[in-house]
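Asks: What follows is a structure written as structure tokens; I'll ask about it next.
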């Protein structure tokens, strides 16, 4: 597997709609103000999070069980800035919709701007032929509230292309997160 360059990312997005909406360059300013950058980088694509969030809460004092997840553990929030409580986390989704080629695997890494503030992003790999909006998990590892900015860069996607197509893709398996649209909670 080799990491793919900006040229490949641009071609696949413009000709095959791999990323929509797609930004061919790096956007660092919006409305004459500096923002956390998003768009195509040398060997990746910096995604934005949309303005819809699910913020983790302990109001119900329940146990977090991935096999039987209680959606009441989250508070829905819509806005330009999400404040994550100390030592807690929030879910969001990308602005961009992805359509991953059959011979490609995508790995997500956090942006240093957030990591240096104690905010960690976690996303499992985007598997071959997975399609949809990516659900993002932000962990606030600090003892203080932390901000996430909607419609600005939050994570970088790295694209790895195999020398051969996989035998069974995510679409072939009928993956449970295929085609997700909004912030998607755990499914078991």
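Note that Cβ sites are derived from N, Cα and C of the backbone, with glycine treated the same way.
Heads up, here are the entries from Swiss-Prot:
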type: BINDING; residues: 111, 112, 113, 114, 115, 116, 135, 136, 137, 156, 170, 180; note: dCTP binding site
type: ACT_SITE; residues: 137; note: active site, proton donor/acceptor
Asks: Using DSSP and collapsing to three states, where does residue 135 (dCTP binding site) fall: helix, strand or coil?
Replies: strand
Asks: When you measure from the Cβ of residue 115 (dCTP binding site), how many other Cβ atoms are you left with inside 10 Å?
Replies: 13
Asks: Non-local Cβ contacts of residue 135 (dCTP binding site) (under 8 Å, 6 or more apart, same chain)?
Replies: 91, 92, 93, 123, 177, 180, 183, 184
Asks: Taking the Cβ of residue 113 (dCTP binding site) as the centre, how many other Cβ atoms fall within a 10 Å radius?
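Replies: Summing over all protein chains shown, residue 113 (dCTP binding site) has 14 other Cβ atoms within 10 Å.
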Asks: Would you give the longest CA-CA distance, in whole angstrom, between residues of 111, 112, 113, 114, 115, 116, 135, 136, 137, 156, 170, 180, the set recorded as binding dCTP?
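Replies: Those residues reach a largest Cα separation of 34 Å.
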